[in-house]
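J.: Once you've had a glance at the structure underneath, I'll fire off some questions.
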Amino acid sequence: MADAELVKKMLRAVLQANKGGVSLSRLQSEYKELTGDQIPHKQMGHNNLDALLASMPSVVRMERNRSGEMVYFASVANETAHVAKVVARQRSSKKTGRPHLVNTQMRVKPSAPLVLNAKPQTSLRQPDHRGRGGGRGGGGGRGTGHGDFRQARDMRDTQSEGKGGAHQNKSSNQNTPTRKGNTPSEKPDKRMTLPSRFQKEVHAHLSRNSPQTTSPSNLNEGPGSGKGKPYNPQQVQVRIKEILGKYSNGFWVSKLPQIYRELYKQDLPSEAIKDLESWTHICTVEKPCSSNPSELLLYPAKEQTSPLPNPTDKALSPSSSLSPVLALVPQPSPLPGVPLPELKQKLEELLVKYPNGLWAHALPKLFQDTYKTKLPGYVLENLQLLSDICTIDYPMPDNPKRAILYRRNSTGGGGRDDENCNSRSSSANEEELRARQEVGRRLSNQAVPPLLIPREEYPSVLVVEATNTNGVILRYIGEGYSQAQESMEDEMREFYGLDQSSPTPLASPASGQLAAVRAEEEEEILRAQVCEVMADKVKVYYVDHGFSEVISKTKVFELHEKFFKLPFQATKCKLAGLEPFCQEPEVLKKFETMASGRILLAEILERGETPLVVLYDTSQDDDVNINAACMKALQDKTLASPLQVNSAYMNVTVSSVCSDGTIYCQLPSRGLAKLNEILEKTETYFHSQVTSEFLVSRPFCGKVCLARYKGKWSRVEITNLHGSRVLDILFIDLGVQASVEVFELREIPPPFLRDLMAIPPQAVKCCLADLSVSLGSWTPDAVQWLRERVLNSTDCSMKVAKLDDTKRCIHVHLFTDKNFHDVARSLNHQMAQSDLFKQQPDVFLTSHSPTKTCTPTSSSKTPSPSDTANGSPSTTSTPTKPHLRRVLSGRGGGGGGSTTTTSPPQTPPSPSPSLHLPPLLELPPVGNNMDIYVSVACHPGHFVLQPWRDMYKLVVLMGEMILYYNKTEEKPLNIEKNQIYAAKVENNWHRVLVKGVLTNGLVSVYELDYGKHELVSCTQLRPLIKEFRQLPFQGITAQLAGVKPRQWSEEASIVFRNHVEKKPLVAQLEAVQEASQPWDRKLTVFLVDTSQEEKDIWVHDIMAEFADEQGNEL
């Protein structure tokens, strides 16, 4: 019998791809195209397909159209029913009748492949030899290794890769890790049955629209491990004093172990938590709610007058003052030209703007641009002289000149400002917190805990309303947030007896008091805070729904103490990029239309009392950046380029010709003249300013700023981020794309910000009319021919043939002179009469030649060196087009949608002897542990892991590859099978092995660092230069130890992927199968999830149990 859940999954995928509905015949054909089989209605016990679909109301919704034909739509899936319920139950100050249900199918905004969903630590917590996991995770001892593979390098380069929602594993210095080595026959009798556990997990996965990041409930917030180990109280005191110097406004004690581990690469001894209250000369511990350690606040000692670290810190804790790398670098002899204090101060100002680190090679130009003076040459030659203001990391050991600098007295890179996200960032916030707690104690002897920001990279939020974009009211959606609130409100309804007898109203409500309130128009009991007391009415603020209302005193009741446990759910956020226009009517009106009452995804840029966010609407085919859309509402449409059909325009400048035939033009207009005038003033302004305030320190997608093009500042929009140092930009007035480093960007100066935001983009997207060849089918020769004739011409003209609003493209006849009356003189006519489009390859050839000479189509054509003089970035002329999405697979089965095979790559012939390969990846001895990250998981017999310790090096390498290859002129490349290249896959450059060359211009490649198989155009391959062959290939194939090899079912594969893919784990090395090539090596490992403080999860036990249960059912 066919698997009903798999059939539902495939049907749901087809229906969700056709939001306007689909006919029965089309549903059948698309299902077959997706799966290769017809919909198995007979195997599932139904005589016809209609009957099968009618039996699946949770998957299919059927309606008849006007012609009477039955049309099929996707139903609201089980996992999104809660989302719809949240919207329906949301109370609003706008009484507009039935709530508007939107965005019930949310997908996670995809991250770039190199941006990890987990932040590398010094070391993950190793499995406990005492068997704290119990059940599957306990057991006797094994092995002789210490299992503590600590990396010596400072991990401050993790940058935004650490924003993911995956759990953070605890560090520990435990000795020999142990496991239950039971074979299936030796397993204990008491096991969870398949229906009660695994079936639920498989069903939850199959009904999920897209893979989600790990639940925040998996986060480890408790004190660090290291139990039973003696500790040095003096050293810990010094370090805590230094931490309090950085967080002088205090923070929750529960955050201390995490901050301590980040700064000192060691766990905070658990005994130190207990000793905090006795260290009155170091810190002050306040108990706002109870004696629970997780609810304590930590402040500097009252007698402390300076936040500076103790001068004895270096003696007691050298690791806290010098990175391990610096300790290995020989210190140079003192030079007479030691940097002056003012020079160091300026350098520190620059480092403050780049909390995720700054490349040393960027310092001279950045220093010159900012301070209008030259950086002394000896600084770069002796970086150790700056060790008192920054730490220095060398992520590319083969190139000592490539160093990253981090400001020493900051919290470090890698988004570590997020680590203290729930501490109070200002004295005003601190006073507000204490005042609220005091009100709670005075009026109800209770205090409500603060709302913690979810740890997911993209949490779902329900937008309530906004009268100011600096204070948008919203609610978080999910477990522990909206679900907990619903449960509480259901309990309140029962407790206050709305279905029985009404409770007694509060006798004398007081301003500031928390109360239970019956909503004015709906019979619901909600938590509210009294704002104002009138004669017979009370104004209250619904703390979980975010709006105020005036109600009768008879509807206000005393709030029982059990309803104080859940934090207030209504909170505020600030929209990034809109701060200067936070109260503009156009902005607020646009936001009201696009966001109010909707469930969106929030990208959290800064965590704090009021998080800084970018909102995305992902309910449509393309993600919509709400922040960017609101900013565009400021544009003055009268300044846009005028366009009318059959109109001719002279003095047209063609700024870009893309490889698919798209061209971008600038037309003379009022907007263009005003733009050029303001940009000239901006140039003058920058020359007169000596300040670092215009450096872009917090880039995000959709942000508009400035970058140099041909030596002059131009407007750009950030389109993609590769970590936090390398990003893609679009010159919005030229239609030119580029990849740059963040230090090349500048903020728009405030005097010119409003005027520049009012001018619409001046690049008009066009295509040549009356050509038989469609966009995307242009030959390289045709693209080059057109570029040679128009890019350097100053006397072009064009005539508009058609306006295509759906594709936002203008069909034009283009001329290189003013004779636009004669169509025969147009470039369109010349190209149509030429042989430029007669060189298309025959896609139906079946040749199997292993070698193919490919002429690139210049998809990222770079301007000539003269075009990029004076600091202009090397640019790409083609706006990046997303690759076609692959067929849906299980959770991460394709690594975020990428195509993945279920078997390792076949052993190819050895590459040519002249080919230089990176050194082999170093592995620990058999029986020892290594911290790993699983990038691809197909089933227990095949998955790909990466070493946890070197992840940041891979991120740095890929950033360098993006900058190098996006600046490199394309040349014809002789592509050979089984050779190593660089390949562009979805906006990122990867090191790949060519597995096959197809005759239609596609190449099958294997990503050597991530373990994925991809099909890419031959135009997207480049030679892999020596500089990028130094780091060992990071992806290594593995199989799970402790289970018998078998043909794993789809359900078993789903369970396995859910437990391991895209997660940091501990791998215990059981065996190594060496091979002649690094990509053919294979490991046999035990996998252990140590994210839970009191429990080790051994994956092989789970899979053996699952296999047993399936065998028993059969």
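Glycine residues also receive a Cβ, built from the backbone N, Cα and C atoms like all the rest.
Checked TrEMBL, it gives:
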DOMAIN    3-76  domain 'HTH OST-type'
REGION    88-232  region 'Disordered'
COMPBIAS  134-144  compositional bias 'Gly residues'
COMPBIAS  145-160  compositional bias 'Basic and acidic residues'
COMPBIAS  168-185  compositional bias 'Polar residues'
COMPBIAS  186-204  compositional bias 'Basic and acidic residues'
COMPBIAS  207-220  compositional bias 'Polar residues'
DOMAIN    232-302  domain 'HTH OST-type'
DOMAIN    339-409  domain 'HTH OST-type'
REGION    406-433  region 'Disordered'
DOMAIN    508-566  domain 'Tudor'
DOMAIN    698-755  domain 'Tudor'
REGION    847-918  region 'Disordered'
COMPBIAS  847-881  compositional bias 'Low complexity'
J.: For the domain 'Tudor' (698-755), name the stretch out of 3-76, 232-302, 339-409, 508-566 with the most CB-CB pairs under 8 Å.
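T.: Comparing 3-76, 232-302, 339-409, 508-566: 339-409 has the most Cβ pairs near the domain 'Tudor' (698-755).
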J.: Looking only at the domain 'HTH OST-type' (232-302), what are its DSSP counts of helix, strand and coil residues?
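T.: The domain 'HTH OST-type' (232-302) comes out at 38 helix, 10 strand, 23 coil.
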J.: Just give the helix, strand and coil counts over the domain 'Tudor' (508-566), going by DSSP.
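T.: The domain 'Tudor' (508-566) comes out at 7 helix, 29 strand, 23 coil.
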J.: If you average per-residue pLDDT over the domain 'HTH OST-type' (3-76), what number do you get?
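T.: When the pLDDT values over the domain 'HTH OST-type' (3-76) are averaged, the result is 80.
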